[in-house]
Structures are given as structure tokens and as C-alpha cells.
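Working notes for the structure below.
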Amino acid sequence: MESQQLSQHSPISHGSACASVTSKEVHTNQDPLDVSASKTEECEKASTKANSQQTTTPASSAVPENPHHASPQPASVPPPQNGPYPQQCMMTQNQANPSGWSFYGHPSMIPYTPYQMSPMYFPPGPQSQFPQYPSSVGTPLSTPSPESGNTFTDSSSADSDMTSTKKYVRPPPMLTSPNDFPNWVKTYIKFLQNSNLGGIIPTVNGKPVRQITDDELTFLYNTFQIFAPSQFLPTWVKDILSVDYTDIMKILSKSIEKMQSDTQEANDIVTLANLQYNGSTPADAFETKVTNIIDRLNNNGIHINNKVACQLIMRGLSGEYKFLRYTRHRHLNMTVAELFLDIHAIYEEQQGSRNSKPNYRRNLSDEKNDSRSYTNTTKPKVIARNPQKTNNSKSKTARAHNVSTSNNSPSTDNDSISKSTTEPIQLNNKHDLHLGQELTESTVNHTNHSDDELPGHLLLDSGASRTLIRSAHHIHSASSNPDINVVDAQKRNIPINAIGDLQFHFQDNTKTSIKVLHTPNIAYDLLSLNELAAVDITACFTKNVLERSDGTVLAPIVKYGDFYWVSKKYLLPSNISVPTINNVHTSESTRKYPYPFIHRMLAHANAQTIRYSLKNNTITYFNESDVDWSSAIDYQCPDCLIGKSTKHRHIKGSRLKYQNSYEPFQYLHTDIFGPVHNLPKSAPSYFISFTDETTKFRWVYPLHDRREDSILDVFTTILAFIKNQFQASVLVIQMDRGSEYTNRTLHKFLEKNGITPCYTTTADSRAHGVAERLNRTLLDDCRTQLQCSGLPNHLWFSAIEFSTIVRNSLASPKSKKSARQHAGLAGLDISTLLPFGQPVIVNDHNPNSKIHPRGIPGYALHPSRNSYGYIIYLPSLKKTVDTTNYVILQGKESRLDQFNYDALTFDEDLNRLTASYQSFIASNEIQQSDDLNIESDHDFQSDIELHPEQPRNVLSKAVSPTDSTPPSTHTEDSKRVSKTNIRAPREVDPNISESNILPSKKRSSTPQISNIESTGSGGMHKLNVPLLAPMSQSNTHESSHASKSKDFRHSDSYSENETNHTNVPISSTGGTNNKTVPQISDQETEKRIIHRSPSIDASPPENNSSHNIVPIKTPTTVSEQNTEESIIADLPLPDLPPESPTEFPDPFKELPPINSHQTNSSLGGIGDSNAYTTINSKKRSLEDNETEIKVSRDTWNTKNMRSLEPPRSKKRIHLIAAVKAVKSIKPIRTTLRYDEAITYNKDIKEKEKYIEAYHKEVNQLLKMKTWDTDEYYDRKEIDPKRVINSMFIFNKKRDGTHKARFVARGDIQHPDTYDSGMQSNTVHHYALMTSLSLALDNNYYITQLDISSAYLYADIKEELYIRPPPHLGMNDKLIRLKKSLYGLKQSGANWYETIKSYLIKQCGMEEVRGWSCVFKNSQVTICLFVDDMILFSKDLNANKKIITTLKKQYDTKIINLGESDNEIQYDILGLEIKYQRGKYMKLGMENSLTEKIPKLNVPLNPKGRKLSAPGQPGLYIDQDELEIDEDEYKEKVHEMQKLIGLASYVGYKFRFDLLYYINTLAQHILFPSRQVLDMTYELIQFMWDTRDKQLIWHKNKPTEPDNKLVAISDASYGNQPYYKSQIGNIYLLNGKVIGGKSTKASLTCTSTTEAEIHAISESVPLLNNLSYLIQELNKKPIIKGLLTDSRSTISIIKSTNEEKFRNRFFGTKAMRLRDEVSGNNLYVYYIETKKNIADVMTKPLPIKTFKLLTNKWIH
């Protein structure tokens, strides 16, 4: 190995002449055989001067036989007699040749040199002979020698002859690499020419000028063997020599041929780099020229990839073709064929040949099958390694080693193309060669084998970030199973067995070490230059050594193949073997606590803080040595990474120094955090924190609001606590300037107590760093604890309190003490602490029955402040309890489906840690069992009503120790607890009703039920969320009901009369009235429901069923009966056929009960198997006679029985709770880009229309002076954030016109370039529908206008710049905007302000307050939607007058004047309107749907029949885990967005009958299961089948003196996910449906009455706003009415009872409704359920019912 290293450096010892030739480069345009004559003469002069001092002495030697080139040698051949050859680099020719010279030329007598390093050779002896020039050639050779007297001559020669014939010839350099052979052979040919052997060199045709002699052939062979060692020969040369080892002529001939080819390649590259095209020649000729060049280069092994080729072509484009540089340069995957398609398109436009396509045009689809490929598709992914500095040779291409980092070569850009064309182009592929470099087999396949490794050496790798070796015998201090992830360049993981140190002992006797990873899965042993640099060792590739920064040489570098290596002899061996590394373990007897366990135990604090705390005994029970800290440095807690993710560290040292002078508890910092949204109402939304400046002791207090009295209570509490506990007085409290601190109440309190408030200055957050950082730290801990435990978010303050307890006990690295120690308190006993969310089993000391389980699964939160117990959360009871009666659940971490903390189990560690405390608990069990106040152990902190999602598996058999359990058996029993999985509850519904995690004022073991009906019907759980309501039949035998259960322990709250009604079934979530089921009288209901507080479900005391109407207020001017008839008379209600009286059986005898089998029912923990119901409710029938969907009783019962089971938890969160609006739904893209509309548009006619529209838009932009044309700005001079990207979009309008629009990319506009406070208003859809309805009733003329390029009339205030349009060809310039270009964020607001000002000042209009874009005067009403105007007037001349005024300022186009008395068709904002003045108006979208629906790729009419309803009643959406891959998931979500987007657009325009289905499916956009997609397809199919349906309006009777505005309301109780109710409202003006709304209730209702109140309260605000709009547009009096089918709701609104409602949310709504009715002349009436057309908004209906409710207003 050492000989190889020395020999590899030996070429450096050549003379300067040799070095100069070696470094000489041949110019790309120069003859490859031409060498500078001046350089040759200079070398010859130096050689002559040196040779003139030589003398000759005879000598002889025997040449050993070469075993590699062995051939028979005649025995009679004597050895040649030649002088010694002391220097192998130079040669000398004697005056006359010896007689035996010809024998020297025998192949078996070839001399050898030390440069032949192959093991097949042996070193030459000191008498090795050098080949001599043949005597037949007249010009001798001579070589100077640096040693005098060491020349060799023939015995027959004379000094005079030698002197007269001496000439110096420079020898060729030594070949050192196969890649250098093309350059070397040039110098060798020049050597032969200088030796007067130019006649034997083959010419271009492969034949020499003259015949070569035997002596010349021998000389040729010998010199070739000396200066071209066999190991450095290319593969093709070796192949020639393997056939005939003396055929040097063939090698020369082929080399010259390759050189000529290289010259052609150089010319091709120069031509390609200097392409010029401006359209003066045919485009196909230009394409043929370029593709021929690329094909030649590809065939010669020089692959020009598509990116380089396209850039070279685009660089040469000029004239009309120049803009292709700017439109195509960003296309990363553009091909040459695609680029030429653009060139052909422009050439066609120039030549005017658009009628027919030329033959040379190719489709893009054909390009894929083209035999010519410009992309190297077989290129492997490699790492470009270039360990040399920038002034060294080019980088080598290596195989993809297993390393974690790779350096990618920079991509070619325009700058690289613009370099001198004489320089060779650097390509990014190992087949992309420099000019003159030969593409050989060695070049292509050298790195595809593992035999290119140099044994006993480490490969130097600049791309690797870590050092890796395959053998463990050099690893010191090894440790197994390191937590290190290593990937190779292909992003594949490399398994790591161990990590240790690699120690070096260099030749200067210095030692150093670096980290090393052990793995057998790599091809080479890799030595990272990055890690060497870290220990001050660098690689110098000019000297080929490793050296320090001071220049000290440490070791040589060997270049072998394409890589650089360093010998392993410098590594110090170790005694560790592979089995030792793979079997490192810890003895069980000395097993320490793993750091991940301690990290989690101590609230996820960092390792440094924990170690400080253990060293200073702030954490007791065990020492620092009891923890295994080996993984602390590299350990990454995934929960900490998620929960504590932050931007950057806070700024340190921001506090004032004088604060350190205060005594403990004299200077406090305080701050408020919050609010936390989407929590139950009793969970705290805020917390206030206090930090003592001196001790850093922290306090936290929960807050529900930030009112003055709440803050004052907390201040009073903490001041009293500090005064009594620490005998200290607070002097200063530092706080921010929030209103909660600066109010007068708190200021007086602080002044009264002598406390100085210290407020921060404005925007000085640094001065408040202590409190701010504490809140951030606590919030980080909170997120981490919740993430780790999986507990619901409403327990967030428990996590805050747990973190505060722990952090008060952890030592500060600065003070070396904890806050508790500073305050004089004892340290925290960790044996009393449990991990947050630790599963436990709590003993139930007061079970319902003696046979019931005594153990309740729970989750530990934090130690109690008020006792020695622990605060534990019980999901099944929805409680938090303070107790010591618990057992730690073994084998369970808190987050069962998440991180396993490196597969570590902490059960044994937790048992050891809490052993003493568990014994303490067990010893106190008997004493506590005799305590009379044992109930106080379950002092419930809250009645948290969670989303009733039970744990995945309930521990039905888990029993905690009973009261009689001996202390000695307590621990043993805990070990026998069932191992069934207990899952922490998921996130609760944010709108869940009351919960309280604070100690309740009145302790109660059972919750009170104020309303049996609502409680019993409000807590049912469903396994599957229903999309559609359950089905029912008209007769009682086919009806199915869900039972409601009641616990025996609550039976005392009912009267004895109720016992006769046990096991009475009630309906499920429907909760609506049905005539087929007899009504229960109010008196009978009152008998059943007693001892109840007033509730919103109370039935009316008086019965008004004789008229089915319950008026709320009797006006003084209009009679109640007349008002009722007036409101209902014109409504499009269905006509019901008369019903014959029917006898019904007693429902309490005929309907069978359905009992729950859940131990803890879904009714909030109330009830068991002995459940009974207390009240009956009614259901609607599915359909009176027939239906297309037949569902059997068994099927219906099966689906509804699942409603009694707890819902399953979901692994994948792809189901959103609700979509209240359609703003998030992506619209379908209907526009085209420039390349789609023009460049690649195959429709010639359409293309011409788009080109015409393009030029029209450009002319309009110039006409409007959109930008400043006087000055163009350089891109480098403008702030990039003020530069707005622009583009052209094209679309085809519904009237068939083609439109082009130049728009700005406002979606990427910088926020600093517009005022976010400005609003872009458009007319509300309800305002448009109201205006249209009033126009029909008042015989108005309707005129439709359009203002061309509306936005361009509005000036822009900001300084913005855009890139010029493509046709200008100025990509490097910018132009300043002067007008509001379409797409800018501020354009809409600017135009709105401009047109608003003009309409008010010039047209005499005024905007209706509260209704933007609705303008009116005494004669005309205008609805404005961007650039569309709709004018309404009874006098057409008034409209014409407005038009004339508008045309003075704006380019106004009349779309439809509306002067005809016949039917007029409009297209207004997507609505296709047919209007005959004074008769009717029809609104539809048939043409639009006919065009758009087929483009959705939905299979229409798959069964060849039309649907009669949009959905199926009784169908549930199965919400089990959605198992699809990510690509398919994204594709289906995108499809759902398109389908629901179109359906929403149509539904909210006029198809109000579809809103329930649209809203429900919109909630499942992110859950695109097969079932959801099928139901969506069914909805789209129904829209397609009914696309001709129209919303029908008829003119109101002229005798009507008033406008009647009515809202019909309905609610479907509990039929949505999380037991939310669906509410719906329909709005009618003078009997015409003008709008509708269907949505999920934002609050969880507990009864049908609450749902109905919620629905009505949602309709009132819009009803009042519409009333104001109608009165502004039409001066007639208006009557407002509300219709509902809920008698109890009407009774509540009518009632004057001021007693407290059961639920304050719905009580507030009910009281507001009372105020609305009493103050706004709002009439509320009852409507029969079968006539309630709002029913279609809340639930799926049978076909007959659906048709009956909708056929009067949409058909």
C-alpha cells in the first residue's frame, strides 16, 4: 500500500517542461494535433543546455521477462547491450545503433518502470534498459540527465558524431487516469512528430503516409508501454491490446478518429450556444437544424438535457419570439418539442397560415412516443461530490453513498448560457463530458461496481455529515442502539448499530478523535470532512494531504479511481467487537429510572432543570444517580416538540436592575391569559398568573371572564394569602395597560392597600417579560400535557395548575434553588406525584347497587390544594373528584395510540417510585371507611357535561379495593386490575352545556333534573351520525322508538302516579308531531311531570286547539283573526286532503319498550338496564301511501338501536363538525390561461376569438391609462413587495362572447401594499330577491346595465408596479400602476367608493342604510354587483335618465332595457329570469346547469330513471375510520368541493328545497367516504333531473294594502352530529319565497322546544333587516309574521312568567323573542306540521311529503 502511495505522487517529480505540457489546454477551435511551437522550442533549448554537460560510459544489463506480456523468446537471442537508464522521464539517442538493438525490440524484452503499479508487474532492476531510436531514422533523440557522467553511448560511436547529430525531444507526460487518455494521446502524437515519425501516424482516413518499419514499430510499442501504464488505459484500448498487444497503430488511428469527432462535437456545441432565430427562415428548418445537432451530441455520448437545450434555444430567440424567454423560462419540465410548438405557433401567425396546420406540428401526446428523447431518463440519483476548492479540477460523480447530506449541483441559468461560447459547457450528468474528454466504459460503469474501493482506506466525503464505518474494531467507547436517524442520498434509512469515537494517531505523533457510527449497510467506509473540520483538520487536494490550519501535514491523501482516500493505518484499534456492541445492556439489579419517564413525570421539564433540582434536593425521594442520563442529550420528546413549538427564544436581561433590591413577595408581576375558545361554559376561559420577583414563586387562578369584580376577587385572595402565609406585604405590582388593570375599581383597591401599580409603557412588551414568559411557559406545558395525555381541552387549566406545582419545585439554573426553597417551603415529594393524565381506578364508595362494580376509570390531573388527595377526572361521570382512594392502572400510558417513548414501559418505575405513598394510602383505607363524612372524598369539582364519547374499552370488571380491604392486600389487588385498554376521552363538543371544574358551592352526589322531558330526550347517543332522519310508518306496528332511561336512584323525584307509565317508549331524535299519533292532553302531562321548576318546555295553560292558532299580540287597529288570515292567505302552503276519523290504540299498551344495555347510559351517566321512560312523544310517518325506498322494520330497528350505543372514537380527523357557510368551498375554475386559450388551443376559430379579445383588452388598458407609459423602471430599483405579478385570463360568457382580462395576482400581494380596512361590497342576494319581488308586485321596469372595465375607473393610491404584458417583451422592466387593476386587494373597495360617490353626487341616489350596494331615490332603485347594475322603476324614462348620466363618465352598455310588455328574459348574476310585467316572474338556472353539470364527471342517470327526491330518509352516514391513501383522499376531497360548491351556488340562489341536503353533505367534505360520494352523486343527479325547475312568483293582489313579510321556522331535534339540531327558515314576501336557510344549531338543545326557540331566534334579525329594506324601497305598511309548528314555543313567547329558565342560553333567547314580539308588531302563529314548508330545511322527507311541500312554489 505504501508503494502505491509513493508511486501515485511520483508524476509530480517530472521536469518543468513536462508539467507545462500537461497543464496545456487545447482550444476548442484549434486543431487537436497543433501544439504551440514556442513552447516546444523553449523546452528544447532547456533540454539542449542540460544535455551538453553529459558524458557516456558503456554499460549493460539484463532485462527481466514481463509475465503479463509473455511470449516465446529464442534461446539464441543475446541480451541487448545498452547503457544504464538513470532517469525514466528523458531519452537520449546514440550516434549509431548497436548491432543487437533489433533484439531489444522483441516483445518479451520490454522494460518496466515504477509507474506500472499493477500487482502483475514486479519492480525493475537497476539495469533496466530503455528503448532506443531505430537506426533507420536519421534524426536522433537526446535526453539531458541531471547527473553528470551518467549518459549512455554505443562503443562504436564517436564524440564528434554525437555532438553534430544531437537534438532534444520532449517526452510525453505520464498517463495517470483513463479519463486523461484523450489529452495524453495528443501529446504522444506530437512526440512522434517531433521524433520525425510523423509519416507513420494515421491520417483522417486511418492510413499512414508511409509504411512503418519493424524498428519503428518496436520503438512505438516501447514508448507507449512506458508512458501509458496498463492500469490507466481506457477500456476500449485494453480491448484492442487484448487482441494484439502490439497494435499501437490501431489505437492511434481510433484516437485520431475520436479527436476529429471531438472537433465536430465542439463545433456543434459552439453552434448550439450561438443559435439565432427571428423568424426569417421557416420554423421547421430551424427545428431540423437544432434537433440534428442535439442528436449528434447524444449519439456521441454528450447528452444535452432538455433544460440546457431549451435555455440555449431561448437565448437565441429575438423579435416576436423573444417573449418566449419570459413565458417559458419558469417551466421546469419543459421539453424541446414543447418549445418548438410555441415557435411554430408564432411563425404561423406571422405567415398568416392559420387555416390549416403544417405537417411538422406534433401533438404533445405524440411527443411521448417520439423516438428522440432529450431527457436522460435512466440517470441515477447520485451525489455530486466536489471535495476540492474552487481552483482545483472538476468534481467527480460518485455513486449514491449512504450519507445523510448531499450537495446538489446548481442548475443552469441564463447567466451560464451567456458565457463565452469557446468555453466547454458543464453538464450535470456523468455522461455530459467536456470537449476532448473520452466517453469510455470506465467512465460510464466505473462507479456501478463495488470493486472501485481502495482496501484499507477511508473514503473522504465532503457531502457526508457523519462518519460511518463497517467494522467495529476501530470504535472506542461504543454504545449500542443510538437514537440517531441516518439517511442516504436517496432518503433511505440506514440502520445504525452503535456510536462511538474514531481515534487517529497521525504521523506527527498527534492524536485526535471524532464521532463515528457503525453500520454494515454501506458500500465504503466514509470519513466526513465536516467532522474533520470540527477538530481543525482540513484536506488539501493541491498537495494531497490532510493538514491542520497551521500547515502541519498529518497524513497523505491517495487518489484512487474517482475518489480520494486516507489510509486506515492512522486509526487506533479498540478491543470492542461487534457482539459486544450489539449486546450492551444494563443489569436488572442496577436498573435506573429512564430519563423519558422522569421527563414525563416532571411535567416535561428540560434535562438541565431536572438535574439542578435533583442536585439541590428540591426533588426528594431519589438522587441524580438514580436516573439514566445517557439519552438525555439526544432525547427528543415528541409531545414537547408539538406542544412547545415556538418561533425563537425570548430576549434576556430585559428587566430593570433595581427590581432585584426588593424582599421576597414585595414585588409581583401579573398578567392575564385568554380567552380560550370553544370550551364548555363552566370551564375557565382565562387565567391570571402572579410571579414574585425575588423568589420566582408562581400562582395561577382561573377566570371565566375579565370583569372588574372577578379581577378584584383574585387580587384580594392573593394579597391575603401572602400576608398570612409569608408574613409579607406586597409593595409593587407590575402589570400591563389592559383595561382589567387600569379600571378605577382596581386602582382604588391598590391605593387603599398602599400598593403601587407599575404599568408598562405603550408597546413595551419587554418590560413585562417575567409575566409574559411565565404565561408562555405554562401554555407550552399545557399543550404538551394535553397532547401527551389525550385528555379533552376543557381540562386545560388542570394542566396549567399541574405545571405550576412542578415548576415551583424545580431549581433555577441561575439561583441553584427552587421557588419553594426561596420561599422557605419544603421540596416536592415526587412519590406523591403522578404523570398528568395517568390512568387510575377510583373507588366508588357509594355505588347504586351492592353488585355494581366499585371501580371507576379515571385520569389523574394534579395534587389537591385543599387536601392530601389527588384531583382525578372521571369521564364516565363527567366529574373531577378530590380523593385518595385510587389505584394506578398498570401497563397504560396516558396516550395509548400515540408515542411509546422508545418502546419503554414505566410501570415498574412508577411502582417503585410510588410504593411508599401507596402504602400510606392503603393504611388509611380502614380509617376513612368509618368516617361519617366519607362523601366528602367525592367533593365533585365540576359537573362537566362532556361530549359523551366513552373510552374505547370499558373496564367493566375492574374493582378497586373496598372499604374492608386490608392494607397488605391493597397493592396485590392493584396488580390484578384488568389490562383492558382505557382511552382518554377525545375532544368535547365546544358548545356542550354546563360544566364546572371549580369546587361547587353545594355538594351533591346526584345531579338534579328540573325537566324530565327535555333531560330524557336530550342525551341519546348514536354510533353513527345520521345524515337523514329515521324512518317511521303510519301505523303503530311499524313504528320504532328509542327508549329513554332513568336511574333508580332518581325515582324519588317523581310522584307515585308516574309508576304506571314505566317502560313507555318515546320517539328517537325526530321529536315532531304527527296526526297519526293521538295528542296527550295538557292535564295528563301535568299529572306526569311534577316537582318541576319553570322551564321552556312547559305547555300552555290554556288550550287554543280549536283554531290551531296562538296569537301573541292583538293589535289595536287590525283584528287578530283578520291578521292571521291575511298573513296565511297568500302563502304557498300545501292543500291537505280531508282525513277521516281513525281509531288509534292506546300507545302506552301497544308500543314495545326498548331498553338500554349500557351500564352508563348516554344520558350523562344516569340510568342502567332498569330504565323507564316518563313521557311519550310523537313521530311523523314516513309517507302516507307509497315511497320509492322500502326499508324493513328490522333494518330500521337495527340502525336506531345503534343510537343507544356510545360513539366510536375516530383515528383520522377528516370529519369537520359543521360548515356554516360555503365560503371555504373552492369554486370550479372556468377561466383559461394564455397558453390554454391561444398557444395550445387547437380550435382555430375559438383561438381567433380569444386573440381578438386579447387585443381588445390591451387597447382598453391603454385607453384607460392603466399604467404610466412615460417611464419604465428597472426591477432592481423597486422594492420587491411593491411588484405585483400579472397574467391574462380568458373565459367564454354565457351569451357566447369571448372575453380576455388582464389581472393582478392579488392572492400573493404583500399586506403592506393595501389597506385591509377597506371593504369591497356587493349587493346581498336577499336584497336582489326583495327588489325583484317588489318589482313584480308594483309593475316596475327592470333594466340591466354593464360598465366595461369598471375597476379601471378607480384610481389607486398606493405605489405599485407590475410587469408589462407579454407582447411588449420587456421582462426586465416594470411599469407603475395608476388604476385599480382587476385582482388587486384594494380594487374592489376603490371601485365601490368611486361608483358610490358618483351615484350619490351626480345621479341623486342614496344608499340604503344597512344594505350595501342598494341605492334609491324617489323613482329608481339600483342594485349594484361590481360592474353589473339592475335598475327598477315604474317609469322607464327615469331609468333612461340614470343611464344618460352614467354614460357621461363610464362606458355603460345596456344589456336589457326591459321596455317590452311581453315576457323578457334576463341573466342577472347567474339567475335566468323570465319576467312579464304585471303577471309573473320565473327564476331558474336550466341553461347554466345543462352546461356545468356534465363537466363534473358525475355518472348521470345510471339506472335510466329520474329521481323524485334528493335523498333517502332513514339513512345514516357510517363514520368509521376512512382507510384510503393520501393521494386518493386529496382527490376525493377536491371532487367533493367541486360538487358541493356547485350545489351550494344553486341552492342559495333559488333551490331552497335542497339546502338541507347541501348543508349536511357540506359537513362531510373532509370525510369523502364511498357512501358520502354516492349520496352527493344522488344530489347532483336530482339537480340534473330537475334542472328545468323554476322558482315561481305571481303578482300580488292589487287590493292588498300592506306588504306581508313572513318567516316560517322549523327545527329537527338532535339529528346532527354531537346531538346538534338542524334548524331551517324560509322567508316570504307577499307570498313569494325570497330566501331560505338551513344550518346546524350552534348550541346543543336538550328538547324540541329549545330547538324551535333557537330556530325562531335565528330568523328574527334577518326578518327585521328585510322589513327595514322593504319599507325603504316601498312605502306601504308592512306586517311581519312568524309561523311555527311548536305550540310550546308559542306558549313560552306568550307567557309573562318571569321565573328563571332552566338554561340561561335559551332563556335569553326566549326573553329576546318576547321583546321582539312586544316591540316590533311581530305576530307569531301556529301552523300545522303537514303544512310547514320549512320542514324541507331540517330533515329528509318521503317523496310524497317532499312534493307536497314544494310543488306550490318551485316546479
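Using N, Cα and C of the backbone, Cβ positions are placed for all residues, glycine too.
Going through Glu1578, Glu1650, Glu1652 against Swiss-Prot, the one listed in the Mg(2+) 3 site together with Asp1610, Asp1685 turns out to be Glu1652. From the candidate list Asp1337, Asp1346, Asp1355, Asp1518, the residue Swiss-Prot records in the Mg(2+) 2 site shared with Asp1427, Asp1428 is Asp1346. Here the domain 'RNase H Ty1/copia-type' (1610-1752) has, by DSSP, the following mix of helix, strand and coil residues: 69 helix, 38 strand, 36 coil.
The Mg(2+) 2 site, placed at the center of the C-beta atoms of Asp1346, Asp1427, Asp1428, has further neighbours from the same chain whose C-beta lies within 8 angstroms: Leu1345, Ile1347, Ala1350, Phe1425, Val1426, Met1429, Ile1455. If you average pLDDT over the motif 'Bipartite nuclear localization signal' (1178-1212) in this model, you get 37. For Asp736 (Mg(2+) 1 binding site), other Cβ atoms within 10 Å of its Cβ number 19. DSSP assigns Asp1346 (Mg(2+) 2 binding site) to a strand in the three-state reduction. The two recorded residues, Asp1427 (Mg(2+) 2 binding site) and Asp736 (Mg(2+) 1 binding site), show a Cα separation of 49 Å.
When secondary structure is read from DSSP and collapsed to three states, Asp1427 (Mg(2+) 2 binding site) falls in the coil class. Within the same chain, the residues at least 6 positions away from Asp1428 (Mg(2+) 2 binding site) whose Cβ sits under 8 Å from its Cβ are Gln1344, Leu1345, Asp1346, Ile1468, Leu1469, listed in sequence order. Around Asp1346 (Mg(2+) 2 binding site), a 10 Å sphere centred on its CB holds 14 further CB atoms from the protein chains shown. Asp671 (Mg(2+) 1 binding site): 21 other CB atoms within 10 A of its CB, across all protein chains.
The residues of the region 'Integrase-type zinc finger-like' (583-640), classed with DSSP into helix (H, G, I), strand (E, B) and coil, number 25 helix, 6 strand, 27 coil.
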